[in-house]
């Protein structure tokens, strides 16, 4: 049998050794088989205990002498007694494919070859990272063990380091909140990058009554950093223009000529306009004072501070500008907070070898840095923001434990002593993924939905490139998993995942949406090995997960089409207008519009926008209150307005107080000519609806 490590034999092994027969080698077998019966009898009578067994597949010879060394067991296979030819391979394979005889033999052979290949080599290997420059990468570990030899002391040091991290972060964030009052205007109010005075379409009501006052008002504000990248994700009308995937900033100082007081249309983003005007910094944010100045006209376009504003050659009832000479010390501290968290997390990564003590403090620190500093939700009140982030953090930390213990993070980090490589690849990748609003902002994909991929320029090409890169990465990971002998297990897992996604796609009335955190959870198991590429991929995916939850929360993977479209076009029917009647005069001119009946009973009114402001609204029914409602709309120009500006008209059916899709803008030029609107509500292509589908869709939205 088998000896101990020192070569000695245990009592039990020695006892068994005397009972194990010794197998004769090939030469002895030949000589023994060639001897006659007398030799055989002689051997038997000599007491050697070596019987001669004829026609046996294996011949066993035992040596029973008490002083003999421990024998080695050797099996010698004899030739088959009969000389019949072997069974052909295709006949042998046929037995295992009885139920699949309809599958051609070459296909079956290919399937078997693929399955055998997928199981990997006979001796799988588990990948381990051998540190580059090991003396350098081991130095922090040895230094820590030398200075703090006891585990208890190292745990107290970890606790102290995390406490210093939290206190430093809180003090810097408190400094950001301490803003001095502006004389005459008070303390600046924090606003988000998308804040605006005017709501789109008829959101401000008839003649903008719900967005008053139009003039003699204002307030002190404070903007966060990076507002130049805040864009309109669905088409917004500015006259006959459609603004999408760019900041909604209308007007400003002219592109050439002397600098004058910038004037912006009322529906412009306040913070984007402040960046364009140079009042606040895009990199650090800042504060200022906005003042309403009422009706203005001829808003010019210019490129300033990374934002190209939008021109508008007519008038708008609400406009604003910024007070000059305002002294304000407010500053967005997100970059300082980011630097603090990067430094503290990097020190933890370099000094700690325990995967548990590394992962969970780093995950928590990055989560709160993203949620409070680098990519906060659109909430300006800090206590409300903390409450919101805390509500998402509790399930996030549970998901982090699942990712760590069951999705490969523990396997990748266990036994890893390449401290600097772990810091650069895993932690660096995690920060890159968590800062996706900066690091991947150049990719022209805002939301991974068919609607956005169709209307956003360059989105489909970018998606194709991403798919090619993911395919290359997947192929390399498949090879690594095969070498470790774990490929079949993961192929089964991803087959189930694919089946689940297909089921989600075919469910009626629901749309599949792959959020940041869903993408991370789907791909993370494919990184569960200790290779340098896997460390980088795993860190990126964990960062994606953190950014998705900290910024957007736990959005469902299945959403209704109505929830996904937001303020996009609804695909509703548009009013059909007759050719307008135009009357031109020296001091007064008019244009009159008439329309047909609405296409369904769910539409009970019509709304008319002039220069993107609702100027007319009426309802039609057999009710006593509505039976005398007008069936046309007349717009007039009087006095100095005649021949001064172009005017833009848009029309939409209504359900109660809610408007449906508006038409594209028709233009009544300053010369009095009418340019009819182009067909459709926007550039977005929509499928055709039957009248029954339109009415049913309207009922759902109304409900």
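Note that Cβ sites are derived from N, Cα and C of the backbone, with glycine treated the same way.
Automated prediction, rather than curation, is the source of TrEMBL annotations.
Among the features that TrEMBL reports, compositional bias 'Polar residues' is placed at 1-13.
According to TrEMBL, the feature compositional bias 'Low complexity' maps to 28-46.
Summarising the annotation, TrEMBL assigns domain 'LCCL' to 223-310.
The region 'Disordered' annotation in TrEMBL covers 1-51.
Remote same-chain residues near the transmembrane segment (155-173) are listed as 148, 333, 336-337, 340-341, 344, 347-348, 352, 357, 361, 365, 368-369, 372-373 (criterion: CB distance under 8 Å, separation of at least six residues from the stretch ends). The transmembrane segment feature in TrEMBL is assigned to 155-173 (among others).
Residues or ranges marked as transmembrane segment in TrEMBL: 335-352 (among others). Within its own chain, the transmembrane segment (335-352) has Cβ neighbours under 8 Å at 140-141, 144, 158, 161, 164-165, 168-169, 172-173, 225, 283-284, 358, 361-362, 365-366, 369, 372-374, 419-420, 422-423, 426-427, 431, 435, counting only residues six or more beyond its boundaries.
Among the features that TrEMBL reports, transmembrane segment is placed at 386-404 (among others). Sequence-distant contacts of the transmembrane segment (386-404), counting only residues of its own chain at least 6 positions beyond either end whose CB sits under 8 Å from a CB of the stretch, comprise 355-356, 359-360, 363-364, 367-368, 371-372, 377, 379, 410, 517, 521, 524, 542, 545-546, 549-550, 553-554.
Only residues 6 or more beyond the boundaries of the transmembrane segment (424-440), in the same chain, are considered here, and those with a CB under 8 A from a CB of the stretch are 226, 229, 338, 342, 345-346, 349, 362, 366, 369-370, 374-375, 412-413, 516, 520, 532, 535-547, 550-551. According to TrEMBL, the feature transmembrane segment maps to 424-440 (among others).
Outside the transmembrane segment (461-481), and at least 6 residues removed from its termini, the chain residues within Cβ reach (under 8 Å) are 127, 443-445, 448, 453, 487, 490, 526-527, 529, 531, 533-534, 537. Among the features that TrEMBL reports, transmembrane segment is placed at 461-481 (among others).
The feature transmembrane segment is assigned by TrEMBL to 493-514 (among others).
The feature transmembrane segment is assigned by TrEMBL to 535-554 (among others).
Regional average pLDDT for the domain 'LCCL' (223-310) in the model is 91. Secondary structure of the domain 'LCCL' (223-310) per DSSP, as helix, strand and coil residue counts: 11 helix, 30 strand, 47 coil.
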